[in-house]
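Look at Swiss-Prot and you will find CYS168 tagged as active site, acyl-thioester intermediate, backed by sequence analysis. Marked as substrate binding site by Swiss-Prot: ARG70, GLY71, GLY72, GLN73, VAL74, THR75, PHE76, HIS77, SER137, LEU138, GLY139, GLY150, LEU151, ALA152. The domain 'BPL/LPL catalytic' annotation in Swiss-Prot covers 31-206 and rests on sequence analysis. Here Swiss-Prot flags LYS134 as site 'Lowers pKa of active site Cys', drawing on sequence analysis.
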Amino acid sequence: MSESLVIRQLGLQPYERVSFAMHRFTDARSTASADEIWLVQHPQVFTQGQAGKAEHLLQPGAIPVVQSDRGGQVTFHGPGQQVMYVLLDLRRRRLGVRSLVTLLEQTIVATLACFSISAHARTDAPGVYIGADKICSLGLRIRKGCSFHGLALNVAMDLSPFLRINPCGYAGLRMTQVSDLAPGTGIDDVAPVLLAECLRLMKASAGEIQGWDPAYYGT
């Protein structure tokens, strides 16, 4: 089993605050820094990835649009969506970018299987799908051999804002969520399973779940 990860449960936090913290953490870390996983939800926000095109923002309305340096196109975050950010030293864990993407996709597939939901990844588009419908989006950034950003799993949320964009740059892509397929399932049910499956696939362990670290996130 590889070295232990720090797990942080951040609750509901503005996207820009957490993005700032990820950058600050990654810029400050050394080869001795522990890897971290952050579990968080965001207030409603559209985020444009590095490859994002304005044409895929159809009618954002009053929902803010934030530029992100993660990979990919536009997506939507909102309460009831479990976001998991993975801040990993890829060299130390002997992971390539493709293998990390595969690990995250496998994490979602295994998590959903625990709720009797059959899901799959696609070779032509990152993420996890139920049939033709997308349930989880992925977007990563690598800096100094370390990853940040991560995945967003739709659990029990308002999906209607996805109709205001071409999700991940695909016109007409339908989104689905865990609670539509396993009624009554919420974030509190999914989050511990998601974390456990990720740690299992990484062959990693974790200590007690922590909250904000003011050194990186502010108070």
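From the backbone N, Cα and C atoms, a Cβ is placed for every residue, glycine too.
Sequence features annotated in Swiss-Prot and their locations in the structure.
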residue	record	DSSP (3 states)
ARG70	substrate binding site	coil
PHE76	substrate binding site	strand
LYS134	site 'Lowers pKa of active site Cys'	strand
GLY139	substrate binding site	strand
LEU151	substrate binding site	strand
CYS168	active site, acyl-thioester intermediate	helix
Across the domain 'BPL/LPL catalytic' (31-206), what is the average pLDDT of the model, as a whole number? 94
Cβ neighbour count within 10 Å of ARG70 (substrate binding site): 22
Inter-residue C-alpha distance, VAL74 (substrate binding site) and the residue listed as 'active site, acyl-thioester intermediate' (nearest angstrom): 5
Do you know offhand how many angstrom separate SER137 (substrate binding site) and CYS168 (active site, acyl-thioester intermediate) by C-alpha? 8
How big is the substrate site in terms of the longest C-alpha to C-alpha distance among ARG70, GLY71, GLY72, GLN73, VAL74, THR75, PHE76, HIS77, SER137, LEU138, GLY139, GLY150, LEU151, ALA152, in angstrom? 15
Cβ-Cβ distance under 8 Å, sequence separation of 6 or more, same chain as the residue listed as 'active site, acyl-thioester intermediate'; the residues meeting this, in order, are GLY72, GLN73, VAL74, THR75, ALA125, GLY127, LYS134, SER137
